[in-house]
Amino acid sequence: MIQTLDRLMTNPMPEGRVEDILRPEGENPLLEKGYVTTSVDALLNWARTGSMWPMTFGLACCAVEMMHAGASRLDLDRYGVVFRPSPRQSDVMIVAGTLVNKMAPALRKVYDQMPDPKWVISMGSCANGGGYYHYSYSVVRGCDRIVPVDIYVPGCPPTAEALVYGILQLQKKIWRTQTIAR
């Protein structure tokens, strides 16, 4: 070990090369296979799936079903889902109900205020594609025209159980993502 330290002191490393004291030639099979970054990805995704903090953007009758999902019968707290009042504290936005043209800039503004990484759940037929009011002049035909949507929950209005299923699907999607570039 002392010889390695002497060699490092007398012969500096070439630019761009990292040398490990325990492996002087730089071969590290764990790093080559991506083991360390995979483990950090798994740790981050485990933490993100266990602590999803949605911000509600209830626009119509689907918001009532969202309140049912947060009540004691289904208890979203057991999945680590805690509703937050501020977009700066949340990482999931649940868009529930009819999105009209006047409300679209506000939706985008709230989405932009959320910290990264952020996910969007579109809840109900109106949020997914305009729903019953699809042909109205003032209705946005799907909130995916304003913000990128990760999970679509169908129904008019969807049941609280369907929203819980959508949240569980989002947790699976988060678990599969790779956050660290290799």
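The backbone N, Cα and C atoms fix where each Cβ goes, glycine too.
Pulled from Swiss-Prot:
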type    : residues                     : note
BINDING : Cys61, Cys62, Cys126, Cys156 : [4Fe-4S] cluster binding site
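The Cβ of Cys156 has fewer other Cβ atoms within 10 Å than any other of the binding-site residues Cys62, Cys126, Cys156.
A Cβ within 8 Å of the Cβ centre of Cys61, Cys62, Cys126, Cys156, the residues given for [4Fe-4S] cluster, is found for these other residues of the same chain: Ala60, Ala96, Gly97, Thr98, Met123, Gly124, Ser125, Ala127, Gly131, Gly155, Pro157, Pro158.
According to DSSP, Cys61 ([4Fe-4S] cluster binding site) sits in a coil region rather than a helix or strand. Cys61 ([4Fe-4S] cluster binding site): 14 other CB atoms within 10 A of its CB, across all protein chains.
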